[in-house]
Amino acid sequence: MLRGIRFPDDKDFSGCSIFGMMNVRGEKFNGEDMITAIANMKDRSNGLGGGFAAYGIYPQYADLYCFQMMYDDEGARKESEEFLEASFEIETAEIIPTRACEGVRESPLLWRYFMQPRQKVTCELEDVESFIVSVVMDINRKIDGAFVFSSGKDMGVFKGVGFPEDIGRFFRLEEYEGYSWVAHGRFPTNTQAWWGGAHPFNILDWSVVHNGEISSYGINKRYLEMYGYVCTLFTDTEVVAYAVDLLVRRHGLSVEDMAKVLAAPLWDEIDRMPAEGKQLHTALRQTYGSILMNGPFSIIISNRNQMIGLTDRIRLRPLVAGRSGDIRYISSEEAPMHLIDDNVEDTWIPRGGEPIIAELENIARPAAVEENLLSLSGADS
Amino acid sequence: MKSYILPEFLIDRDDYRCIRCEVCVRQCAFDAHWYDEEDDEVRVDEDKCAGCLRCVTFCPTNALIVRRNPNQIPENANWTNEVLHNIYKQAETGGVLLTGMGCDKDYPIYWDRIVLDASQVTNPSIDPLREPMELRTYLGAKPDALEIGRKKGKSSVLTKISPQLRLETPIMFSALSYGAISYNVCESLARAASEFGTYYNTGEGGLHRDLYQYGDHTICQVASGRFGVHADYLEAAAALEIKIGQGAKPGIGGHLPGEKVSAEISHTRMIPEGTDALSPAPHHDIYSIEDLAQLIYALKEATHWEKPVSVKIAAVHNSAAIASGMVRAGADIIALDGIRGGTGAAPTMIRDNVGIPIELALASVDTRLREEGIRNRASIVVAGGIRSAADVVKAVALGADAVYIGTAALVALGCHVCQKCYTGKCNWGIATQDPYLTKRLNPEIGTRRLVNLLTGWSHEIMEILGGMGINAIESLRGNRLRLRGVGLSEEELRILGIRHAGA
Amino acid sequence: MIRIVPKEEFCIGCRLCEIHCIVEHSKSKNIVKAYKKENRPIKRVEVEEEGHVSFALQCRHCEEAPCITACLSGAMQRDAESGAVINDPERCVGCWTCILVCPYGAVRRDEAERKVVGKCDLCPDLETPACVANCPNEALVIVED
Amino acid sequence: MAIYDYAIVGNSAAAINACDAIRARDAVGSIAIFSEEKYRCYSRPLISYLVAGEITTQGMYYRPSNYYRSAKVDFHKESRVVSINPAKKMLTTAGKEKVKWRKLLLATGFLPFVPPVNGVEETDYLTFVSWDDARRMLALTNKPAAALVVGAGLIGVKAAEALHARGAEVTVVEKMDRVLPLALDARASALVEERCSAKGIGIITGESVSGVESRGGHKGRAFLSDGSEIDFDILVMAVGVRPRTELAEAAGIDCRRGIEVDEYQSTSEMDIYAAGDAAIALDVVLGKPALNALWPVAALQGKYAGLNMAGDEVSYPGCNSMNSVEFFGLPVLSAGIVNPEGSDYEVITREDGDGEYRKVVVKGDTLVGMLMAGKIERAGILTSLIQERANVKRIKSCLLDEGFGLINFPHAIRQDRIVEALAGLKKADAVRGRRG
């Protein structure tokens with residue numbers, strides 16, 4: 001299923017449902033509510049893809065990178081494992097537990113590896129994470145029939161072809177406990193569905209679920225390629241994940257500034273800003289104009305600390321935010337929040353291009369983020 | 001010597017319509033029309049007709065038709081009329097064939113073999129009349145990454161961004177030198193660029209003192225002749241451009257005949273009145289890439305590192321490698337001029353046979369710079385045959401940051417592309433210094449026409465962008481996925497980096 | 001009132017102003033007919049030309065118009081509404097005194113019908129006088145005062 | 001006793017233009033116009049057109065029929081002023097009406113001058129200066145008649161032309177050696193004579209009428225100085241005109257050949273102004289006051305008199321001897337000095353055949369005279385140069401060129417005239433006035 005179906009330079013057109021849920025105190029909950037919520041938006045997906053990302057699910061391996069892999073066959077697995085062993089100490093290699101589930105067919109071999117790069121390899125590198133990225137790129141590009149679909153720490157992505165609720169049950173998500181979850185139901189107009197193409201997209205601990213179409217994909221991809229990102233999944237969502245990785249991890253931008261790159265303010269607005277903001281946003285657009293995500297989208301970007309909701313600049317796709325005690329919701333529709341939670345206090349629709357950010361409370365964070373957290377806790381955003 | 005050259009055009013006059021007002025007589029600087037008082041008839045001297053259609057356009061009764069002389073030699077794919085005409089001319093004069101404007105040979109025009117994409121169903125197209133649509137473009141080197149500091153919850157930029165040119169539409173006016181064109185054309189270009197928020201380029205003719213007021217929208221060229229280059233000139237400019245080559249005449253210099261070097265031009269170019277202005281083929285201080293780097297840095301130093309420096313080359317076979325070198329030599333802007341780029345005067349053989357189409361040069365340069373990871377270090381501006389908003393969109397999607405328009409701007413001002421620029425008798429008052437002719441271009445009107453053109457094209461670009469579901473030009477720039485080729489070979493598609501329509 | 005100001009730096013000497021003036025003041029207002037079939041009216045605007053310099057000049061509609069003061073018959077009057085100096089052909093006797101005193105040479109004999117003078121009337125039937133409207137280079141512009 | 005803010009004696013060009021000027025500045029002041037004729041203001045020069053049938057009586061009027069009413073003027077027609085008292089500011093009419101004024105304008109015009117020729121008083125001769133003259137001429141030419149016109153000045157020649165148009169057989173006798181000796185030069189006179197002769201008008205120059213023998217009524221016989229005799233049915237005496245100064249003189253106002261005025265058209269008596277053919281005012285070409293009994297001159301003087309009477313202080317710019325006449329389709333325009341005497345003048349002429357003759361007279365670098373016959377377009381440009389005493393050094397050679405015009409002026413002056421000075425003629429007048 002992974003071989004021979006990739007269209008170079010192509011991307012995937014899809015309409016979708018997205019749902020994110022995070023406990024900002026870090027209290028964990030299982031995948032049950034996520035499955036219920038995403039299933040509630042069934043008409044936004046067509047059975048050609050569903051997936052979840054969950055944070056905090058592998059506490060026993062919290063310091064190890066978890067590669068979750070799809071293989072077409074044993075040959076691909078062997079090749080990949082040899083490749084990995086060359087540079088990693090593999091602590092655990094295991095088949096990802098699944099259950100037979102009607103509506104989920106022809107699954108690839110699903111394996112996960114908890115591991116860390118060998119000292120020898122990382123010594124040569126200043127930046128371990130860049131090494132991980134390059135390994136992911138190498139496997140995805142070079143090993144036919146193998147695909148890394150998640151590569152972070154203490155987190156995992158579970159996705160495949162089918163309705164999201166079926167995928168959830170297939171992966172037995174009720175057995176996982178995480179404090180932050182995202183889910184995706186997919187409606188590709190491209191009938192060629194494949195497991196790797198389902199959302200979320202992940203690199204390191206960045207996960208992206210996406211509803212929309214990135215009309216600027218062609219240039220976003222070419223720009224990221226200049227920075228060593230090889231877009232192998234042939235979907236526009238992939239570029240979001242890489243762009244986020246580039247901006248936040250590698251270039252050190254704050255999440256908010258990153259959001260202002262992906263959904264840049266209009267020049268008109270920038271022109272009206274006070275000098276400092278004007279300079280900042282002008283520089284952001286000048287430098288990163290090529291990864292402005294143009295076209296209709298709403299996305300949820302997650303990492304271990306944050307869950308970020310964002311729509312395109314002119315809000316062509318839906319996104320609703322909600323709050324219930326320590327729980328933060330970001331969703332395509334409001335109904336699922338109420339379905340799983342009687343205590344949703346307030347919900348609101350963020351403005352186009354305005355990021356909403358949910359963040360773990362007990363972590364040190366840049367002050368810049370504070371304001372957005374405040375705005376998320378209020379209903380006035 | 002009896003000339004064997006047949007008149008290129010015949011002029012038909014409808015006697016019923018002709019009112020003998022003599023407008024045609026007065027409008028033709030080539031003296032193709034004359035009034036015969038004795039017979040009260042307007043007569044023609046067709047040998048002199050340039051086919052510029054000035055008379056046709058101005059005839060108040062539409063009494064005139066200028067048509068190609070049907071007297072042609074027997075059809076021959078090899079020995080065409082044009083070839084014969086050229087040989088007769090050279091047999092009669094012993095000279096080098098001269099021409100004006102851009103190459104008119106029918107090399108493939110790739111713009112016309114590339115089609116654009118639009119949104120249907122899966123994503124919405126955007127209505128530019130209701131939604132914002134951004135064409136603003138910044139030209140100049142961009143950093144690889146932006147370093148951002150945070151204080152009291154506020155982000156601020158720590159990276160020093162190189163000087164940038166801000167364009168409100170990705171279209172600039174190409175290098176057209178004062179001397180090749182009249183002062184009024186320069187003024188029209190300067191005012192239109194200022195009004196619209198874009199730039200015009202002085203070419204190698206220097207900057208007339210009356211145009212310093214538009215310096216903020218002026219790209220001042222430093223060419224091999226160094227005409228008119230002095231401290232104030234560099235200071236007045238918004239950006240500087242080192243001209244290495246020109247699409248119409250790659251590898252050769254320029255020549256402004258002495259009769260065009262009027263007092264004003266002499267003053268502006270800093271050469272004696274009435275002397276020929278000869279631009280050498282190479283810069284005699286640039287014999288290598290490191291020499292170019294030295295000049296780039298000299299110009300930056302001279303202007304306090306406040307102005308981007310562009311380097312313009314003719315599109316030739318190894319443009320991609322050259323461009324890479326130029327970027328590494330410190331050029332902030334790479335200007336590429338394709339084989340169809342215009343000129344005031346060039347040897348016909350050079351114009352028509354040297355260089356490559358801009359589309360291919362652009363694609364290969366953009367690809368190369370990306371492969372080398374240095375695409376952001378310089379902007380790419382392309383010139384040479386941009387004829388419409390669609391060409392602009394295709395150029396941007398292939399990877400250009402902006403385009404230069406020369407011929408299109410002149411056409412907006414009235415040019416009918418008769419290719420007789422080199423005669424100095426431009427009936428449209430454009431490529432001439434004859435005061436009787438130059439006043440035919442009123443800069444008020446010229447400015448308006450150019451601004452209208454930019455407005456129209458910009459609206460069209462917005463429409464096309466909106467149709468693609470894109471509302472900022474940077475999301476189109478280099479977005480080759482939105483292009484498809486029609487009727488192109490595998491190799492052409494590969495170079496252009498696009499897929500065939502239907503695929 | 002409106003006044004027509006010539007811009008000599010942009011007058012290209014095409015004389016289309018003269019031609020369209022004649023047409024506008026012709027009976028048919030059709031250019032070919034006016035020139036070929038009718039008693040062609042006089043031009044009320046004249047292009048002066050010397051070397052490469054030229055400009056089109058018509059009645060200035062002077063504030064202190066000498067032609068009005070000099071007119072023997074009272075035919076030359078200022079139109080109260082438009083402020084234009086207008087010659088009433090019904091009252092004009094063709095004594096040419098106005099031609100004698102006009103410092104711009106802007107009054108001409110018009111003997112197509114009967115002996116009267118003709119001069120610029122600012123084309124009362126048109127929104128923009130014909131010479132201005134048809135100047136291809138905006139070398140005639142309207143100023144309002 | 002009625003008191004008028006403005007009283008005007010006379011009802012022709014000067015009077016009406018004064019009245020217009022006053023009204024333009026003073027909308028309410030009372031105005032009275034006294035005219036000895038019965039007509040509303042008409043244009044005296046048009047009588048020849050009336051006789052020749054070129055216009056109707058309706059065309060004679062200088063202003064519309066509601067003129068006096070709309071200008072709020074008390075029009076005293078057939079009311080000849082017989083005396084004025086400057087001390088009492090009072091005038092008396094022939095009808096014994098007494099009227100007081102605050103400002104008075106004497107626009108008394110001229111009377112034909114008839115020389116003391118033997119027997120002329122016994123003959124019912126005509127003059128040709130008024131509407132009544134025209135009516136008489138029309139009546140007398142209802143049947144074929146032989147007409148003798150004495151004097152070939154402007155009035156004489158126009159009378160001859162009018163009589164010819166009425167079918168009369170016309171002979172003109174002129175004492176000088178050519179027709180229109182003052183207005184034209186010899187060449188132009190010859191052109192006019194050619195036209196006249198071609199039409200069958202007899203022209204006898206260099207002879208005077210030494211006596212007239214009446215044969216009852218209008219008929220008679222004239223004896224010329226060369227001894228020849230001419231029988232006539234109509235005799236027109238057109239030897240000349242004299243300004244009517246008797247009213248002014250009787251009131252003690254300074255008069256020489258006409259009523260003397262200063263640059264404000266003011267006479268030697270306070271609040272009494274004079275304008276028109278009776279006044280002797282600045283001739284810019286001659287550089288001194290002169291009599292220019294011409295309609296445009298009278299109108300301009302009247303205008304300036306009116307402006308000053310209404311309280312403005314504007315100098316009369318001065319005028320020059322300007323003539324525009326047409327004889328049998330030959331228009332002839334002249335201004336300033338056309339018959340220069342002495343060697344300080346430079347004369348340039350140009351002849352293009354078929355009666356097209358042009359001439360300019362330059363003194364030093366100043367254009368002082370011009371004449372155009374046949375081809376008269378744009379003559380006013382030259383007139384204005386004469387009027388302005390402009391320096392024509394640089395354009396002297398092209399004054400008579402085909403297409404001469406403002407294009408030949410220096411750029412700055414041209415620009416000033418065309419663009420800046422749209423409303424500037426008045427300004428220019430004022431400048432000239434100060435200089436004068």
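Just so you know, glycine gets a Cβ as well, placed from its N, Cα and C.
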TrEMBL [4Fe-4S] cluster 1 site partner of B:Cys18, B:Cys21, B:Cys24, selected from B:Cys52, B:Cys59, B:Cys103: B:Cys59
Other parts of the chain folded back onto the domain '4Fe-4S ferredoxin-type' (B:7-38), taken as Cβ under 8 Å at six or more residues beyond its ends: 44-51, 54-55, 58-70, 85, 423, 425-427, 432, 434, 436-437
Residues satisfying Cβ distance under 8 Å from B:Cys18 ([4Fe-4S] cluster 1 binding site), sequence separation of at least 6: B:Val42, B:Thr61, B:Ala63
DSSP state at B:Cys52 ([4Fe-4S] cluster 2 binding site), helix/strand/coil: coil
Alpha-carbon distance [B:Cys59 ([4Fe-4S] cluster 1 binding site); B:Cys28 ([4Fe-4S] cluster 2 binding site)] in Å: 11
Residues close to [4Fe-4S] cluster 2 site centre defined by B:Cys28, B:Cys49, B:Cys52, B:Cys55, Cβ within 8 Å: B:Ile11, B:Cys24, B:Gln27, B:Phe30, B:Ala32, B:His33, B:Lys48, B:Ala50, B:Gly51, B:Leu53, B:Arg54, B:Val56, B:Val66, B:Asn427
For the domain '4Fe-4S ferredoxin-type' (B:7-38), residues assigned helix / strand / coil by DSSP: 5 helix, 9 strand, 18 coil
Alpha-carbon distance [B:Cys24 ([4Fe-4S] cluster 1 binding site); B:Cys52 ([4Fe-4S] cluster 2 binding site)] in Å: 12
Neighbourhood of B:Cys55 ([4Fe-4S] cluster 2 binding site), C-beta criterion under 8 angstroms, separation at least six: B:Ile11, B:Val23, B:Cys24, B:Gln27, B:Cys28, B:Ala32, B:His33, B:Leu64, B:Val66
Pairwise Cα distance for B:Cys59 ([4Fe-4S] cluster 1 binding site)/B:Cys49 ([4Fe-4S] cluster 2 binding site) [Å, integer]: 15
Near-C candidates in B:Cys18, B:Cys21, B:Cys24, B:Cys52, B:Cys55, B:Cys59, the binding-site residues, by Cβ under 8 Å: B:Cys21
[4Fe-4S] cluster 1 site shell beyond B:Cys18, B:Cys21, B:Cys24, B:Cys59, criterion: Cβ within 8 Å of Cβ centroid: B:Arg13, B:Arg17, B:Ile19, B:Arg20, B:Glu22, B:Val23, B:Val25, B:Val42, B:Cys55, B:Pro60, B:Thr61, B:Ala63, B:Leu64
Other C-beta atoms that fall within 10 angstroms of the C-beta of B:Cys21 ([4Fe-4S] cluster 1 binding site): 23
Cβ neighbour count (within 10 Å, all chains shown) around B:Cys59 ([4Fe-4S] cluster 1 binding site): 23
